[in-house]
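Below: the structure, in structure tokens.
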Amino acid sequence: VFAGASGDHVYTYCYTAEKEDFGAQDATKLDTWVFDHVKNFFQAARSNQTLFSKVNEEKVVLFLHLLGIDTNGHAHRPNSREYKDNIRKVDEGINNIVSELEDFYGNDGKTAFILTSDHGMTDWGSHGAGHPSETLTPLIAWGAGVNYPQKVASQFFEDEFLKEWKLEKWKRLDVNQADIAPLMASLIGVPFPLNSVGILPLDYLNNSAHFKAESMFTNAVQILEQFKMKMTQKKETTLSFLFIPFQLLSDTEQINILRKARSYIHQEQYHEAVSLCETLISLALEGLSYYHTYDRLFLGISVVMGFVGWTSYVILLIVKTHTSLTRSTQDNKASTVLLQYGFAAIGILIAFFLLIQTCPWTYYIYCLLPVPVWYAVVKEFRVIQDLVSLLLVFPLGQSIGFLVAGALGIEILVFSFFYRSTLTVGLIAFAGWPLITRLWAQAKVTTLSWTLLCLLLAMFPLMPVVGREPNISLVTVASLVILLISSFSLASLCKSKNKYVPKKDLTVLLFQMLSIALSTYVVNSTHSSLQHKQGLPVINQIISWTTLASSLFVPLLSPTFFFQRLLSILLSLMSSYLLLSTGYEALFPLALSGLMFAWIYMEKEALQHYGDSLKTKLAVLNFSYTTDITQFRQLHLDDIRRSFFFVFFIVTAFFGTGNIASVNSFDPASIYCFLTVFNPFIMGSLLVWKIAIPFVLVSCAFEAVQVTTQLSSKSLFLIVLVISDIMALHFFFLVKDYGSWLDIGTSISHYVLVMVFTIFIMLLSGLAQLLTTKRIELWGRTKRHSM
């Protein structure tokens, strides 16, 4: 923590990152290492006069970071024997360190001790959500300047910790983590940190009432100065007639409160002085929040204008270029020039307004971007006229029905970010889609498969978030199922009479089946090895990294026929996914892929149902055949439904087995087949790839749907863009800057996820096109000779 500090008065000792090994025999050694180095440090000070002089100066801070408990908690869970043994070792170590310090300083009673933690942990060994077991942390203080524990007759807290610890008779003093900084500053006698928003917890101090009142007064002045600085900064960047100051804490009010508090201290009315200072701190913090969010409404309107304008432009672009709803007319050059000058003038006025207020450069982006966007919208006035005319003659009942259905669909997507069970509701509705459209009468077997697979996938969002209880047997079951499916496919290919199957294609399929079997062995072997404290076997690590590296290469060796290539992609990605799985999530890509295969068939049936396609067998379709641009058809209303299905399946891939917007969803055990030593970059990359695998499966299926329905990827992408923009606008209004850090972080994460959704879809589309259309010929082309 203090490694960045400089000067000859700072001494730091750190173990290497390799020591933090989740698969190590005993992570307790991380804590004993700290205790041993503290003892060695003070032993060295006894024989080194320079060091001895420095540690005997005033205001010396010793910081001990005990990471063993955290590591054992992640690796073995908090209820494990390893975790409890670690706690026992830490208790003993703290006792020894306290004795060592008291002995070194001759029991002078001038040392204060604070024991705390940065976070808690769930029973399944993770943190990052808002459960009390994660957000409540211990704070134990004793020694010089610290108050003694106080007995109470009764006290009320919503949790049961006091009862569990048998401390009901002792007063419990809860504080915010930010309050620890002023507490430490007060104990060692240094000024409060400049930008601290912590409030000094007076009940922790064993000092006179006068000292407490003076300290609280200083705390109030320190926070008030932050408020005044923020107010000054905002006043300097706002036109005087537009500036609205924080009404509850005017300059006069500040002076009155400070004078009154100082007067109370002079009159020895310390309780009143403290109470008044607490009021001033509360108002100053409220004022700080006010000035932090001063431009929120102004910037919010600019962002909304940009969103609405951009979404409107994309809708007009879809109507103009991908439908036959508008008449082609030439633009009036005079009106176009007039529009250009008008919007240029608006842009100049906005820029000038921002310039005279010396606004940050980011404000220019927020405020000027809507100008060219709305110019592009207004420029399409003819298209808007045609669209309005069409809507006026469209049956009102159908218009309202489409609007309600669209709004309901968007709300289901938005709610799924907060409640995974919403995806279950959506999938059940999808299961009934063929019944509503009468597709079941046309293709009963396909419809039955679609319905059953929708209901199967609908079970996953109802299950607990992955990582809570590892179940390697379910990973084995998933591998057996995929091996069974690939065996049937292999047998089907070998018995096929209609087409010749080269041996190299069968070799690729057999290699992928072997890779699945190897992955299953590695997962079980690694789990057993770590349970027996034998670490990660090197051979398992080599197999895991080799499998991961080949997962995007091997599918390119298979034929580009629809189902052969899709099966090859599934097998390669599943071999990696199994290595990253610890429980039921290993079954998720199988259920998702099954539904994707059914979706491809259903879209073919839907197209035939509306008479838009000739009956062609999907088995003979080839990804590598270049579709003629003249074969692309215009968009229909049903294509909006196809795009919505795609977005829904992508969101299902996000949240099907957990909420990726929260770190709490991730279990370090997922990457133990690859490494056990703590490495945030590699671990994060592996977890991102695990999340991306279901996305790739959905994108490859969507690629097949586009080819099947003879629709250009650009037109469907534009519809997806409209859906994601509407979702992003929805999440923009849900962004929070108050509440728990989980609420704030989650709201921002949701907004960012949807904002990057479009770019993410573009990348996925490119990867899907690569995986489905390209083929690498390692053995050269196979020649067939016919008699």
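Residue 1 is the first one shown; counting continues down the chain.
Note that Cβ sites are derived from N, Cα and C of the backbone, with glycine treated the same way.
Pulled from TrEMBL, these are the features on record:
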- 286-740: domain 'GPI ethanolamine phosphate transferase 1 C-terminal' (DOMAIN)
- 338-355: transmembrane segment (TRANSMEM)
- 361-378: transmembrane segment (TRANSMEM)
- 390-410: transmembrane segment (TRANSMEM)
- 416-436: transmembrane segment (TRANSMEM)
- 448-466: transmembrane segment (TRANSMEM)
- 506-523: transmembrane segment (TRANSMEM)
- 535-554: transmembrane segment (TRANSMEM)
- 586-602: transmembrane segment (TRANSMEM)
- 643-661: transmembrane segment (TRANSMEM)
- 681-704: transmembrane segment (TRANSMEM)
- 716-736: transmembrane segment (TRANSMEM)
- 748-771: transmembrane segment (TRANSMEM)
**Study point:** Sequence-remote partners of the transmembrane segment (535-554) [C-beta within less than 8 Å, at least six residues beyond its ends]
**Key:** 21, 23-25, 508, 511-512, 515, 518-519, 522, 525-526, 529, 568, 572-573, 575-576, 579, 672-676, 689, 771, 776
**Study point:** Intrachain neighbours beyond the transmembrane segment (681-704), with Cβ under 8 angstroms and 6 or more residues off its ends
**Key:** 548, 562, 566, 569-570, 573, 576-577, 580-581, 588-589, 592-593, 596-597, 599-600, 621, 623, 646, 649-650, 653-654, 656, 660, 666, 668, 670-671, 674-675, 713, 716, 760-761, 764-765, 767-769, 771-772
Review point. Other than its close neighbours in sequence, what residues sit by the transmembrane segment (586-602), given a CB gap under 8 Å and a spacing of at least six beyond its ends?
Key: 434, 439, 443, 446-447, 449-450, 453-454, 456-457, 460, 474-475, 477-479, 481-482, 485, 562-563, 566, 570, 573-574, 577-578, 618, 645, 649, 652-653, 656-657, 693-694, 697-698, 700-701, 704-705, 708
Point to revise | Other parts of the chain folded back onto the transmembrane segment (716-736), taken as Cβ under 8 Å at six or more residues beyond its ends | key: 300, 303-304, 307-308, 310-311, 314-315, 317-318, 322, 410, 413-414, 417, 635, 639-640, 642-644, 646-647, 702, 706, 743-744, 747-748, 750-751, 754-755, 757-758, 761-762, 765
Practice item. Report, as numbers and ranges, every residue of the chain located at least six residues beyond the transmembrane segment (448-466) whose Cβ falls under 8 Å of a Cβ in that stretch; write 'none' if there are none. Key: 416, 420-424, 427-428, 430-434, 582-585, 588, 591-592, 594-595, 598-599, 601-602, 652, 655-659, 664-665, 667
